[in-house]
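**Q** Let me begin by handing over the structure; questions about it come next.
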């Protein structure tokens, strides 16, 4: 990456209270290079310009620390991780996180295997599968301190895919856009059914841009009923 983009990354991260060393920067540079290389043969991201990737992928992912819920050595799962956002940037900065990245695309998982090998990232598991299936597996169900999703699905649908992974007293963090009030209003039934409650909604303004988004921080207050998550077609056809 060019010096200007590196400076944007370093200074932007400081706004989240993160102080990057040069080895962190080198990891982000390798990640960016791999993203560009693999994006030529598969659809990973429409955002490829250097400064845009820094702002809309790297700094956006790191903004999760503003939730106050990122703690070293905790177990986290990134549901529908895509090209690795937000979890790979978080693992670069917080290497002791015990991370699981879940995606339904085998091609994207293959890309992520290359990323973690080239970056030398440890304590990370990649799963090729669907959240509605893996969320029923006792190896993963209610095993995580924190789940995250940056997916574009409405919040009430995301909750059914993500909350079953979270331990009681753990958290789900949804990275959502500027307009969030209606989604929250439409998620009240899902929150009640899936045993979650909104603890806080944080407004985040991304550095070097006019982009505003929100972190919706949801606490798991009891075990999810075993009937959730339902099959994907049921979730889409009749969302909670």
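Residue 1 is the first one shown; counting continues down the chain.
In case you wondered, yes, glycine gets a Cβ from its N, Cα and C as well.
Per Swiss-Prot, S-adenosyl-L-methionine binding site is recorded for 80, 85, 103, 104, 105, 131, 132, 150.
For each feature listed, report its degree of burial, its nearest neighbours and the pertinent distances within the displayed model.
**A** If you draw a 10 Å sphere around the CB of residue 85 (S-adenosyl-L-methionine binding site), it holds 22 other CB atoms from the protein chains shown. Secondary structure at residue 85 (S-adenosyl-L-methionine binding site), taken from DSSP and collapsed to helix, strand or coil, is coil.
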**Q** In Å, how long is the longest CA to CA span across 80, 85, 103, 104, 105, 131, 132, 150, which the record gives as the S-adenosyl-L-methionine binders?
**A** 20
**Q** Would you identify the secondary structure of residue 132 (S-adenosyl-L-methionine binding site) according to DSSP, in three states?
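**A** Once the DSSP labels are grouped into three classes, residue 132 (S-adenosyl-L-methionine binding site) ends up as helix.
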**Q** Hey, which of the binding-site residues 103, 132 is the loneliest by Cβ count within 10 Å?
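**A** Comparing Cβ neighbour counts within 10 Å for the binding-site residues 103, 132 gives 132.
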